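Participant: The structure's right below; bear with me while I get my questions together.
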Ligand SMILES: NC(=O)c1ccc[n+]([C@@H]2O[C@H](COP(=O)([O-])OP(=O)(O)OC[C@H]3O[C@@H](n4cnc5c(N)ncnc54)[C@H](O)[C@@H]3O)[C@@H](O)[C@H]2O)c1
Ligand SMILES: O=C(O)C(=O)C[C@@H](O)[C@H](O)[C@H](O)COP(=O)(O)O
Ligand SMILES: [Zn+2]
């Protein structure tokens, strides 16, 4: 079967564009399962599915100002045609919105809109909108159902799936949050046509991550096809579908990160420390860029520990370099901080147990594993070497 085989829904066209072929990926969770729908021009399909989930219910459409300006009217048109009245709530774009203050403002806006327990909250945006909105949905009236309509590559391949929601703290990334699964995810890949090249590439780091975790063939395919994924051919939808299938499989066997799910954190112990040390400032580093550096570091650290062949670590960095993603601490604009600062920031990682770091390391591309009990001195010595490298 062709890797691009997809179900054609033949559904009615309620919008201005024909819905494209659609791939449906189930997330198998007992009592909380849901579907991820992937394809181009799926917004009116999404509205139909949302209407079926909550007949007669109200909806709140939470989005950021940039996505609102580009895509909200088209989606609201679809929602109206499906008989849904939605109140729009806009937040400022960017990581700064994953904050206590924005969380409080959002909860108050949802309450002012009289969103009830049986209504629906729709997160229409990137990972920032999804994480913040999902967290509000988790706690508002002790839990309201929410739908993810991710609009960035990163959110389509990662953050919209799996139910991790939350906000940042001055102490670290995503430290305040909840597991709250969406009831539906619609990844309309046509929305990515308006994404900046920088944000697209940042999202691509999380795509490559799935290959590095446990799918060497997918990494090979990414190396050969990354420019076509960026250009937006059928390879893009394929990359989103493979990523969603990989994430759905891990989440289905370990929803709350008691074991295997920590593999999805490959590169993130480094990445989250860098995001915290650059004050979540998108002009310096966005999440996907921090992950790119973190992936390269995880492989070089594994090599240093004698676990991973050097040629694999070199290949990972070479691919990130070819795509135009950063792979070294020296590429953090304004500097990454000292080894001490980086290791101290890592101390707030959620995988820390009794004060000791857990890392996701690799025995090679596609051979990642969870390594508890990594000594901070070992990490510090490695970071010092990395900082000294040109
Ligand atoms: N919950 C999870 O499992 C999970 C997984 C990975 C990442 N995350 C989180 O996701 C966040 C990063 O998400 P992100 O990379 O989507 O960033 P983002 O939400 O900040 O979006 C990036 C930028 O793209 C703009 N944008 C969004 N959609 C657009 C579109 N279609 N066209 C043009 N511009 C568009 C936004 O306005 C924003 O300026 C981080 O906070 C990260 O921690 C969460
Ligand atoms: O879904 C997961 O599990 C992940 O780890 C996916 C990551 O890409 C994502 O950045 C996540 O938000 C990190 O989770 P955290 O628990 O380390 O904050
Ligand atoms: Zn991530």
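Glycine is treated like the rest: Cβ placed from N, Cα and C.
Fair warning: this is a prediction, and the values are worked out from it, not measured in the lab.
Pasting the relevant annotations from TrEMBL:
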- 89-201: domain '3-dehydroquinate synthase N-terminal' (DOMAIN)
- 127, 128, 129, 130, 131, 151, 152, 164, 173: NAD(+) binding site (BINDING)
- 203-352: domain '3-dehydroquinate synthase C-terminal' (DOMAIN)
- 206, 268, 287: Zn(2+) binding site (BINDING)
Participant: Which residue counts does DSSP yield for the domain '3-dehydroquinate synthase C-terminal' (203-352) in the helix, strand and coil classes, in that order?
Facilitator: 107 helix, 0 strand, 43 coil
Participant: To the nearest whole angstrom, what is the C-alpha distance linking residue 287 (Zn(2+) binding site) and residue 127 (NAD(+) binding site)?
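Facilitator: Checking the Cα atoms of residue 287 (Zn(2+) binding site) and residue 127 (NAD(+) binding site) gives a distance of 10 Å.
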Participant: Quick check for the class: what is the C-alpha distance, in angstrom and rounded, between residue 268 (Zn(2+) binding site) and residue 173 (NAD(+) binding site)?
Facilitator: 10
Participant: In the same chain, outside 206, 268, 287, whose C-beta lies within 8 angstroms of the Cβ mean position for the Zn(2+) site?
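Facilitator: Nearby residues not in the site list: 154, 158, 205, 209, 267, 271, 288, 290, 291, 294.
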Participant: Between residue 206 (Zn(2+) binding site) and residue 152 (NAD(+) binding site), what is the CA-CA distance rounded to a whole number of Å?
Facilitator: 12
Participant: Of the residues in the domain '3-dehydroquinate synthase N-terminal' (89-201), how many are helix, strand and coil by DSSP?
Facilitator: 50 helix, 34 strand, 29 coil
Participant: Let's check the environment of residue 129 (NAD(+) binding site): how many other CB atoms sit within 10 Å of its CB?
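Facilitator: I get 31 for this one.
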Participant: Please list, in sequence order, those binding-site residues from 127, 268, 287 with the Cβ less than 6 Å from ligand 1.
Facilitator: 127, 287
Participant: To what whole number does the mean pLDDT across the domain '3-dehydroquinate synthase C-terminal' (203-352) round?
Facilitator: 97
Participant: In sequence order, which same-chain residues at least six apart have a C-beta under 8 angstroms from residue 173 (NAD(+) binding site)?
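Facilitator: Counting only residues 6 or more apart in sequence, the Cβ neighbours of residue 173 (NAD(+) binding site) under 8 Å are 272, 275, 276, 280.
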Participant: Among 127, 128, 129, 130, 131, 151, 152, 164, 173, the annotated NAD(+) contacts, find the widest CA pair distance and round it to a whole Å.
Facilitator: 22
Participant: Can you tell me which of 127, 131, 268, our binding-site residues, come within under 6 Å of ligand 2 at the Cβ?
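Facilitator: Those binding-site residues that pass the cut-off, since their Cβ is under 6 Å from ligand 2, are 268.
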Participant: Please check the binding-site residues 127, 129, 131, 152, 173 against ligand 3 and give me the ones with CB under 6 A, sequence order.
Facilitator: none
Participant: Using a 10 Å radius around its CB, how many other CB atoms surround residue 268 (Zn(2+) binding site)?
Facilitator: 26
